[in-house]
Amino acid sequence: MIEHLGINTPYFGILVSLIPFVIATYFYKKTNGFFLLAPLFVSMVAGIAFLKLTGISYENYKIGGDIINFFLEPATICFAIPLYRKREVLKRYWLQIFGGIAVGTIIALLLIYLVAITFQFGNQIIASMLPQAATTAIALPVSDGIGGVKELTSLAVILNAVVISALGAKIVKLFKISNPIARGLALGTSGHTLGVAAAKELGETEESMGSIAVVIVGVIVVAVVPILAPILL
């Protein structure tokens, strides 16, 4: 019966990812962004549950899943659009922007490591967690290169983004951060794509700065994590 569902075709993996994503997006908007209905989070949980309940192997899903994964990298390039729109702001405050993002990213990496050793995680788990500050498209190859588990890295990236999506804007308001540049950088640095989505709700400048942060954080993770990993692990 299951064989007739086309599980050996790319369409299967794509639909298993796309259907819950579309449904979750609808309800996420209807509930004004209730964090447990974040589309990425729901898609991940629904996909795992479906494969587990049906007994279909991950390899069958991966045929279509790899196609989605392929488009992650070119999709990341789209962050250059809002960056271009706010290029004058970038030119004017480039030192503060790059400095703030760099400090925030390094602190995030060190905090991840401290939490990991506090709970006595193994080196493979630590290696999987270190790249989570970047988007999935960047974090996965970095994780693979330092001996991490890509699936665990993907989970860490998504959970991190969901938390920032849910609480990021509230934290910004709690600390009374009124500068749109600072707000956008904070959300983009800590929550990557979903952080940018949260920044977009605050304003165009916040969205642009969040997009800039995502790009720069990715560059820092690619450059720094492979150097830090042999030292920390």
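Quick reminder: no glycine exception, Cβ is built from N, Cα and C everywhere.
Remember, it's a predicted structure, so these values are computed and weren't measured experimentally.
Residues or ranges marked as transmembrane segment in Swiss-Prot: 5-25, 33-53, 63-83, 97-117, 152-172, 212-232.
Here the transmembrane segment (33-53) has Cβ contacts under 8 Å with residues 16-17, 20-21, 23-25, 27, 61, 154-155, 158-159, 161-163, 165-167, 194, 201 of the same chain, all six or more residues outside its ends.
Long-range contacts of the transmembrane segment (152-172) within the same chain, counting only residues at least 6 positions beyond its ends with a Cβ under 8 Å from a Cβ of the stretch, are 33, 35, 38, 40-41, 44, 125, 128-129, 131-136, 139-140, 143, 183, 186-187, 190-195, 197-199, 201-202.
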